[in-house]
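Some notes on the structure that comes next.
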Amino acid sequence: MSSSPRSPDARPLKVRVKSARTRSSSSQKWLQRQLNDPYVARAKREGWRSRAAFKLIEMDEKLHVLKRGMRIVDLGAAPGGWSQVAAKKIGAAEGQGKIVAIDLLEMDAVTGVMFAQMDFLDPTAPERLFAMLDGKADLVMSDMAANTTGHKKTDHLKIIALVELAADFARQVLAPGGAFIAKVFQGGTEGTLLADLKRDYAQVRHLKPAASRADSAELYLVATGFRGSADRTEDETDEA
């Protein structure tokens, strides 16, 4: 695994996409951006399924979240870039640790990774997960993003709502001392979410990896040192 997301190979000559009658302006811009993105090219060369792999690589280089033998849940895993990185880091192919990738969409198999095509909000999801992991998880990670509308405030609220659901799922399935990683967008309404995470975890940090596009408002929350769901229940009882 290459370990320097900040120094992709020199950018190739810029590719211009010829317009097509059946292609919308937005899809044409997306295609041109993909063709000229050094991380997209590098992901193809190195065998990663998506450029998002480099985001997790960089976060782990800074915070050392991924450790051999961990039990990991990858929410919204398709196409599998994060699962690939995690599997390599924890030694899943050699029988070290376990990873369960969860998505509503189908996903091609990743060596050392178990896949569950289901909704993580299904009430049976935690128990199914415990059976697959043989216990609680050490890390829940989510690179999920809600479908966007183009309205920044609305889109931000949608992604925060999705992160809150993922954080609630993490509370149910994490072992004490566990960690939670999730994508968010800058927007100024994360106060309640951050307060909850700071209550649930010993440390909460924000990161914007180099592989995140410069014009993107995305950030990643990395929460470590899960205090345990029992601790939160006691706190809520005291506040009542």
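Any Cβ shown, glycine's included, is placed from N, Cα and C.
Of the listed candidates (D60, D143, D155), Swiss-Prot assigns D143 to the same S-adenosyl-L-methionine site as G80, W82, D103, D119. The CA atom of K183 (active site, proton acceptor) is located 5 Å away from the CA atom of D143 (S-adenosyl-L-methionine binding site). Note on D119 (S-adenosyl-L-methionine binding site): other Cβ atoms within 10 Å of its Cβ, all shown chains, come to 12. In sequence order, A52, K55, L56, G76, G81, W82, K183 are the residues near D143 (S-adenosyl-L-methionine binding site), counting only same-chain partners six or more apart with C-beta under 8 A.
With a cut-off of 8 Å between CB atoms and residues at least 6 apart in sequence, the same chain places R49, S50, A101, M107, D108, V110, V113 near G80 (S-adenosyl-L-methionine binding site), listed in sequence order. Within the same chain, residues at least six positions away from D103 (S-adenosyl-L-methionine binding site) with a Cβ under 8 Å of its Cβ are L75, G76, A77, A78, F115, Q117. Minimal Cβ crowding within 10 Å, among the recorded positions W82, K183, is found at K183.
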